[in-house]
Structures are given as C-alpha cells and as structure tokens.
Amino acid sequence: MLKLMRSPLKYVQGQGALLHVYEETKNLGKSFLFICSNSGFKSCHEKIEKSFEGTDATIHFEIFGGISSIGEVERMRAIVKEKNIECVAAIGGGSAIDTAKATAHYENLPVLVIPTVVATDAPCTGLSVIYHNDGSFSNYIFYPKNPDAVIVDSDIIANAPAKFLVAGMGDALGTYFEARACEKAKAPSLENGGITKSAMALCKLCYDTLLEDGYKALKACENKVVTPALEAIIEANTYLSGVGADNGGLAVSHSVYNGFTALKECESTMHGSVVAFGTLAQLVIEDAPEEEFYEVMEFCTSVGLPVTLEELGVTDKDRVRIAAENACAEGESIHNMIGDVTPEQLYNALIVADALGREFLNQ
Ligand SMILES: [Zn+2]
C-alpha cells in the first residue's frame with residue numbers, strides 16, 4: 001500500500017480572521033455562494049461583507065435547510081448555476097460544511113469552509129455525510145481533494161456554546177489512538193492510503209495538545225474570551241484532528257459512535273461524546289497500560305466528556321449489546337484493529353470501561 005497524505009490547501013486561524021476572507025481566497029473565484037446555518041449567517045455575515053468591500057467580487061448568502069440532504073445539495077447546485085458562482089463556501093457546523101463540499105464537488109468548483117463551531121472533523125476532511133430528505137442516512141461521498149481553504153475566526157468559536165468545543169475535544173481524543181491502532185495493524189487511512197510518519201506526528205500532537213490545553217481552553221470558551229490555550233484547542237479540534245483522522249485512519253472509537261447513534265436514546269448525544277467513550281473501550285480492548293487508560297479518563301472528566309454509559313443515555317445492558325452488534329457491522333472501522341474485534345469482545349470492553357468510569361467518578 002502506498003503512503004498517502006492529504007490536507008486542505010490553506011488553513012487560516014485567529015481572532016478577526018473573517019475580516020480577511022477576501023484577501024485569503026481571492027484566487028478561488030470572483031463570485032461566492034456562502035451556504036450558511038441560521039446562526040452562522042447572523043454571527044459572520046457582517047465581517048465577511050466588510051472583507052469584500054471595495055473589491056470586484058460578488059457574494060451571495062443562502063441559509064440552508066439544516067441537514068446535508070440530497071434535496072439541499074440540489075437546491076444549492078441550482079443557485080450556483082443561476083448566479084454563475086465560482087466558489088462555494090460553508091458557514092456553520094458539520095451539515096452546512098457537508099452541503100457545501102458536495103455542491104462544490106458536483107459543480108466542479110473550489111470550496112471554502114468557515115466553521116462556526118469546532119465540534120467535528122468536518123472542516124478539513126475530504127468527505128461528506130449525506131442524508132435523505134427525510135433525515136435518514138444516505139451515504140458518504142469521498143472527494144478527490146480536501147477543501148481549498150479553511151478559515152476559523154477564534155472570536156466566533158469563543159462565543160459559541162462551550163458544549164461544541166467539548167464535543168470537538170472528544171472527537172479529537174479518538175484521533176491518536178485510532179491512528180495508532182491502524183498503524184499497528186497496517187490498516188489503511190480514511191483516504192485509503194498507508195499511514196505516513198507525518199500523519200502520526202499530527203495525531204500525537206493532537207492528543208498532547210488536548211492534555212496540555214483542553215481544560216484551560218474550556219474555561220476560556222465558557223467566559224467567551226480567546227487565550228493561547230483556546231487557540232491551541234481550536235487548531236487541535238479542527239486541523240490536527242481532521243487531517244490526523246483523514247490520514248491516520250479510524251478504529252474502535254468511531255465504530256462505537258456508529259453503534260450507539262443507531263439507538264434512539266442516543267440520538268441527541270453529540271458525536272464527540274460517544275467517540276470519547278469509544279476511545280476508553282478501545283483502550284480496554286488493547287489492554288493499554290493502566291497509566292494511559294487513567295490519563296484519558298482523567299482528561300475526559302476534567303472537560304466533561306462521558307466516562308460511563310449512563311452519561312451517553314444508555315442504562316439497559318441489552319441495548320449495549322445491540323450497540324456492540326451495530327458497531328461491528330461489515331465495513332466498520334473497528335475491523336481495522338489487529339486480530340479484529342467481535343461484538344462480544346466489544347460488549348465486554350464497553351461494560352468494563354463503564355464500570356471503571358463509575359468507580360472513577362465515585363472516588
Ligand atoms: Zn469524528
């Protein structure tokens with residue numbers, strides 16, 4: 001297998017970054033369609049309009065329907081054609097981003113991503129999750145390239161609810177451990193390539209940054225201020241975690257997410273929360289050193305990520321068994337683990353992770 005490394009062409013981050021959108025993206029085209037979430041439009045449009053003032057580029061903002069559905073992508077493609085759009089941009093969370101990526105891909109245009117929360121890996125990766133118009137899962141689209149530009153304004157992130165930052169840290173927590181497992185098993189990355197040393201270095205830096213700055217960043221975000229620690233976590237959640245997962249691969253943590261979200265009691269549990277608990281389960285399966293396991297658990301509790309099943313919304317062991325079965329479905333990334341994992345082994349690991357988590361909380 002050939003080694004492979006992919007990333008966004010350009011990554012820009014800092015306070016007031018939105019005032020530089022035109023400057024940083026003027027090579028991408030002369031007419032921009034911004035696909036916005038409701039709140040993304042409110043918090044970002046003035047700064048972006050300001051950055052385009054006095055230029056010959058045109059901009060159009062469009063509020064999208066809330067999910068990255070086949071119908072929404074079609075609606076956006078019609079706007080692209082009608083307005084002769086040359087660059088598609090996203091302003092918002094994962095769904096706005098996935099809609100913009102898909103629209104740009106089908107229209108063969110560059111894509112710019114402006115995340116307003118740092119809750120998932122969506123901004124920097126080269127794939128989208130697409131839903132049917134009724135909200136049920138349809139398919140993943142894997143693109144030949146990652147976004148052309150990602151611009152994160154730290155002021156916007158500091159003013160977003162802290163629960164998104166925490167969820168993003170949960171998603172970022174899986175990155176190093178999942179990549180390490182893939183590397184050990186010589187499993188492919190998300191981009192279906194061999195894992196480079198560069199990817200592993202980013203994944204390790206992602207984990208180290210969480211331990212160093214996670215708690216401090218949470219305090220900054222709760223108080224709606226930007227500090228160096230918050231800047232470090234924005235980068236960890238967005239770039240290190242996204243590029244790390246893309247090129248490092250996924251294993252148990254993300255399959256646990258897929259397993260639990262199929263349960264209706266977990267529908268509202270955030271992606272990163274389940275990924276964090278899935279990481280604890282992975283460490284049990286790997287029989288990781290006690291020191292490492294408790295380092296991860298300590299981190300989770302310090303920032304408010306779940307360490308028990310109850311915190312995920314599950315209390316019935318039969319439901320855990322169903323989640324374990326779901327997580328081990330064919331094609332799941334859990335099969336990247338060395339020696340593979342059966343539903344029974346995963347169930348056992350989930351039960352033990354939960355027991356250790358409950359004990360830890362009661363200390
Ligand atoms: Zn994820």
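FYI, residue positions are counted from 1 along the chain as it appears here.
Positions of Cβ are set from backbone N, Cα and C atoms, glycine also.
TrEMBL has this to say about the protein:
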type    : residues                                                  : note
DOMAIN  : 8-153                                                     : domain 'Alcohol dehydrogenase iron-type/glycerol dehydrogenase GldA'
BINDING : Gly94, Ser95, Ala96, Ile97, Asp98, Thr125, Leu127, Tyr131 : NAD(+) binding site
BINDING : Asp121, Asp171, His254, His271                            : glycerol binding site
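Positions of TrEMBL features highlighted on the structure.
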{"residue": "Gly94", "record": "NAD(+) binding site", "DSSP (3 states)": "helix"}
{"residue": "Thr125", "record": "NAD(+) binding site", "DSSP (3 states)": "coil"}
{"residue": "Tyr131", "record": "NAD(+) binding site", "DSSP (3 states)": "strand"}
{"residue": "Asp171", "record": "glycerol binding site", "DSSP (3 states)": "helix"}
{"residue": "His254", "record": "glycerol binding site", "DSSP (3 states)": "helix"}
{"residue": "His271", "record": "glycerol binding site", "DSSP (3 states)": "helix"}
Binding residues Asp121, Asp171, His254, His271 (glycerol) - maximum C-alpha distance in whole Å: 12
Fewest Cβ neighbours within 10 Å, where candidates are the binding-site residues His254, His271: His271
Entries of Asp121, Tyr131, Asp171 (binding-site residues) sitting next to ligand 1, with Cβ under 6 Å as the cut-off: Asp121, Asp171
Separation of alpha carbons, Ser95 (NAD(+) binding site) and His254 (glycerol binding site) (Å): 18
Count of other CB atoms lying within 10 Å of the CB belonging to Asp121 (glycerol binding site): 30
Neighbourhood of Thr125 (NAD(+) binding site), C-beta criterion under 8 angstroms, separation at least six: Asn146, Leu190, Gly242, Val243, Ala245, Asp246
Between Asp121 (glycerol binding site) and Ser95 (NAD(+) binding site): CA-CA distance (Å): 12
Beyond the site residues Asp121, Asp171, His254, His271: chain residues whose C-beta lies within 8 Å of the centroid, for glycerol: Thr120, Gly170, Gly174, Ser241, Ala245, Ser253, Tyr257, Gly272, Val275
Confidence summary (mean pLDDT) of the domain 'Alcohol dehydrogenase iron-type/glycerol dehydrogenase GldA' (8-153): 96
Intrachain C-beta neighbours of Gly94 (NAD(+) binding site), sequence separation six or more, cut-off 8 angstroms: Ser68, Ala119, Thr120, Ala122, Val129, His271
Fewest Cβ neighbours within 10 Å, where candidates are the binding-site residues Ala96, Ile97, Leu127: Leu127
